[in-house]
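Student: Below is a structure I'd like to ask you about.
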Amino acid sequence: MVGWKIKVPVIVWGVLLSVGSLLSVGEVFAEPQAEPLDIQTRSYVLMEMETGRVLAGKEEKHPYPPASLTKIMTEYLVLEEVKSGRIRWKDEVKISKNAASIGEAQVNLVAGEKRTVEELFHAMAIHSANDASVALAEHISGSERAFVGKMNKEAKRLGLKKSHFINCTGLPSRSYPQPPEVKGEHRMSAEDIARLTRRLLRDHPQVIRTTSLPEYIFRQGEKRELILPNSNRMLPGSPHFYDGVDGVKTGYTREAGYSFTGTARRDGMRLITVVMGTDSKSRRFAETEKLLDFGFQNYGMKTLLKKGKPVPKHGKVALRGGEETEVPVVAGASRALPVRNGEKTPYTIRVEFKSGLEAPIRSGDVVGTARVQLKGKDVSGLPPVPLKAAQDVEEAGWWTLFFRYVTDW
């Protein structure tokens, strides 16, 4: 009888554990329409980084000419190429006649000169250099037209439904000696730009080290050295300095007006702003300041799950065949989300435990997951939090199982 295992009374437990449960951490919340503010611009959006929740907006879903905000996608694809190992920062790029011919904001590239991927990326991200953007596009895809195909494919993959690119710079076709032959109108919505920026910062957080630089020296130590000031005038030491701002991108064309995608972090909360179509360079920063003030003054981050702590109402999970019939459970990661001051927490936590859990269990074993949801759907970009056993539970001996069976009969 030493090898006997009595499992009859615990079969039901496996059935119960396979059913997910919802824990409300406030009332179930229908996400509000983006809140209108007195922002003097054609279109704008204010988004919280962690969740992608839109906190305020105006015509944020309507596509408009994005000007150089286009380069956020160009930056993203360059960083993806570097991350994959297909290109390296120190790779030399031979400048083509086509890239050297691109005007407006530029670093005066000359056909035949060689610059590194890193140099060109900094010139594009900090100074919005169009010639550097085209040179990178050609280096990655062979031609700007082929690179634009990658941009549109990536936009579709990322769910940017109001975006279409016809070049990698955001310039109007008239500014190109030979524009890429791509059909359609060059457009992005403010919300798409914010979502792309969120993806950029999430997938490549190191980009902040570049976007936060006040200036960059191009061709350093050479006769044609250029000091490139950052076009973001909200950085430290700039006229529109705003505490916490460390990116991302300015843009201007006659058709698009003055635009800016910004990001700032304070007290554990990062906000993303997009303003499109303001009437001056300074206006785009003044309106961005209003958006950031609204966000930081009216919202804060609330911790819903804390690493190493139990999930309320789900502190234990049933276990069969063990010395104990339950095992304590804790969250394997923390989750903090934006909540408006005075607002009930608008999120729910969906808990799912693995079915048929059996002893032995070791502390740290994953026994389930917790998903943060808003409006009944998983919050975009937030992976499930693993739920872990908080202690060891050894397999029970036959006498313990027999006694448990008899007492439960």
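Think of each number as a place in line: the chain as shown, counted from 1.
Just so you know, glycine gets a Cβ as well, placed from its N, Cα and C.
Per TrEMBL, active site, acyl-ester intermediate is recorded for SER68. Marked as active site, proton acceptor by TrEMBL: LYS71. For SER128, the entry in TrEMBL reads active site. TrEMBL lists LYS249 with the feature substrate binding site. Taken from TrEMBL, the feature domain 'Peptidase S11 D-Ala-D-Ala carboxypeptidase A C-terminal' covers 299-395.
How about a rundown of where these features are and what they're close to?
Tutor: In the three-state DSSP reading, SER68 (active site, acyl-ester intermediate) counts as helix. Its Cβ taken as reference, SER68 (active site, acyl-ester intermediate) is surrounded by 27 other Cβ atoms within 10 Å in the chains shown.
Mapped onto three states, the DSSP output places SER128 (active site) in coil.
Other Cβ atoms within 10 Å of the Cβ of LYS249 (substrate binding site), summed over all protein chains shown, number 29.
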Student: For LYS71 (active site, proton acceptor) and SER128 (active site), what Cα-Cα distance in Å is obtained after rounding to a whole number?
Tutor: 8
Student: What Cα-Cα separation, expressed in whole Å, is found between SER128 (active site) and SER68 (active site, acyl-ester intermediate)?
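Tutor: Just about 7 Å between their Cα atoms.
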Student: Rounded to an integer, what is the Cα-Cα distance in Å between LYS249 (substrate binding site) and SER68 (active site, acyl-ester intermediate)?
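Tutor: Here the two Cα atoms lie 8 Å apart.
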Student: Averaging the per-residue pLDDT over the domain 'Peptidase S11 D-Ala-D-Ala carboxypeptidase A C-terminal' (299-395), what integer do you get?
Tutor: 91
Student: Using DSSP, break the domain 'Peptidase S11 D-Ala-D-Ala carboxypeptidase A C-terminal' (299-395) down into helix, strand and coil residues and give each count.
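Tutor: Result for the domain 'Peptidase S11 D-Ala-D-Ala carboxypeptidase A C-terminal' (299-395), in helix, strand, coil order: 0 helix, 52 strand, 45 coil.
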